[in-house]
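Visitor: Just passing along the structure, written as structure tokens.
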Amino acid sequence: MNDDIKTVTVYPTTLELTTPTKSANGSNDDYDPHQHRELKNPTTNFQTFAHFLKASVGTGVLAMPSAFAHAGYVNGTLLTLIIGSLALYCLHILIKCMYILCKRQRVPYVSFSQAMNLGLKQGPPWLRCLAPIAVPFVDGFLAFYHFGICCVYVVFIAESIKQLVDEYLVVWDVRIHMCIIIVPLLLIYSIKNLKLLAPFSSAANLLLLVGFGIILYYIFEELPPLSERDPFVAAGKLPTFFGTVLFALEAVGVILAIEENMATPKSFVGPCGILNSGMSIVLGLYVLLGFFGYWKYGNESEGSITLNIPQSEIPAQVVKVFFAITTWISYALQGYVTAHILWDKYLAKRFKETRQTFYELIFRAIIVLLTFGCAVAIPDLSVFLSLVGSFCLSILGLIFPVLLQICVQYTEGYGPFRIKLIINLLLLCFGIFGGVVGTYVSILDIIAVYK
């Protein structure tokens, strides 16, 4: 560590980062960061698992049949599993590198942005110049990405309510429905810790289960011959598929936040841990809904499969209510990351401790109003889903974790024939290529919508 670095603020606590001290045998092996975490409201394994499922199964899963229409059912199945496996691998290496850096610094926890800062300082010399901008850069991307998700959620909830109100009461503009949901959003977003949010996530998962059951009922009703669907499609459509799937699968900020808040973080990354078990369920669900949804509706698959099922039937309307409720809960979970970063790391220290609770609630209310404002200004915000997935998540979920591992392994070596470096460089190229191409195609799609 450079001598000019004295302290680093790690939310929710402040940790002193000094030159790592070593044990008598000259190593840091005796220090286990997990045993030194002190949390005010730690979550149990079950609560963490509920949060993981809710964070990973959002509105993006409803777009999977449409994503498969841009890939074909064979390509879609294989590529979803490949992208999901790569995303899972990158989450593993990210959490592992953060743990290694904690051991080296002998601190209980470092955030994603601090890990990038420390890793770049210990990595190849030509990368060390990037260390000073790592913290604001990573924090900015995470806060912006999860803020963007919340904007999309406002649109989704309002549109779901509008469809029901239009059917039974009166036809209003979607912006009026956005105004109506401000108060419920303010209420759920005022819950400031994950332990209190856990019962909401558990309830949301039950509603999701019932909702998916109803959707699958409609899907399996009079399935057409599979021969009417394309196993493969033109390669030009794949970038849109890539962005949609990555957006649906990755919630890196929430995943890191729930791991940080665990009472037993060792249970998160084990072979049968929460990360592997949860991602297996999520991947299975995404492939199931994507494959059979595309089989049923083909190229007519809408951006949300709830628009394909009969709109006037009671079960279909129940699905919309359930997904509106679960998305309302997801708003608090995804928005937690934005508030967690901006308030705890940058704003809280500007106020007296006795007034921080009040001002944090004000700050959270401002975030809700900003997401509302963005949704009102651009009600077609859902068209940006693939763009956000391709750009932000290729950086946060693929490129940064791989770059961090390259830096962390620099002093220890990359193994025989530098095999670890080669693997990481291949993943880096995949992330850059997917991000650039996906972003380009998504921008073209947005231009086409607004022509």
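Every residue, even glycine, has its Cβ placed from backbone N, Cα and C.
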Visitor: Determine from Swiss-Prot whether LYS266 and ALA115 lie on identical sides of the membrane.
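Guide: The record shows them together on one side of the membrane, with a shared topological domain name.
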Visitor: Considering the residues ASN25, ASN299, which is the one that Swiss-Prot annotates as N-linked glycosylation site?
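Guide: Among ASN25, ASN299, the residue Swiss-Prot annotates as N-linked glycosylation site is ASN299.
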Visitor: Below 8 angstroms Cβ to Cβ, which residues of this chain, lying six or more residues outside the transmembrane segment (321-341), approach it?
Guide: 11, 51, 54-55, 58-59, 62, 139, 142-143, 146-147, 149-150, 153-154, 156-157, 160-161, 164, 181, 184-185, 188-189, 191-192, 194, 197, 200-201, 203-204, 207-208, 210-211, 251, 253-254, 257, 306, 360, 363-364, 367-368, 371
Visitor: Hey, how far is ASN299 (N-linked glycosylation site) from ASN75 (N-linked glycosylation site), Cα to Cα, in Å?
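Guide: Per the Cα atoms, ASN299 (N-linked glycosylation site) and ASN75 (N-linked glycosylation site) stand 15 Å apart.
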Visitor: Please count the residues of the topological domain 'Cytoplasmic' (404-420) that DSSP assigns to helix (H, G, I), strand (E, B) and coil.
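Guide: Looking at the topological domain 'Cytoplasmic' (404-420) with DSSP, the answer is 10 helix, 0 strand, 7 coil.
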Visitor: Where, among 49-69, 200-220, 238-258, 358-378, 421-441, do we find the most CB pairs under 8 A to the transmembrane segment (81-101)?
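Guide: Highest pair count goes to 238-258.
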Visitor: Which residues of the same chain, at least 6 past either end of the transmembrane segment (421-441), have a Cβ under 8 Å from a Cβ in it?
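Guide: Contacts with the transmembrane segment (421-441): 86, 89-90, 236, 239-240, 242-243, 246, 386-387, 389-391, 394-395, 398-399, 402-403, 405-406, 409, 414.
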Visitor: Are the transmembrane segment (273-293) and the transmembrane segment (200-220) close enough to be called in contact, which here means at least 3 C-beta pairs under 8 A that are separated by 6 or more residues?
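Guide: Judged by the Cβ rule, the two regions touch, with the required three close pairs present.
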Visitor: What residues elsewhere in the chain lie close to the topological domain 'Extracellular' (158-167), defined as a C-beta under 8 angstroms and at least 6 residues from its ends?
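Guide: Apart from its flanks, the topological domain 'Extracellular' (158-167) reaches 174-175, 177-178, 180-181, 306, 311-312, 317, 320-321, 323-324, 327, 375.
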Visitor: Let me check one thing: do the transmembrane segment (238-258) and the transmembrane segment (137-157) come into contact, meaning three or more Cβ pairs under 8 Å with sequence separation of at least 6?
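Guide: Yes, the stretches contact each other.
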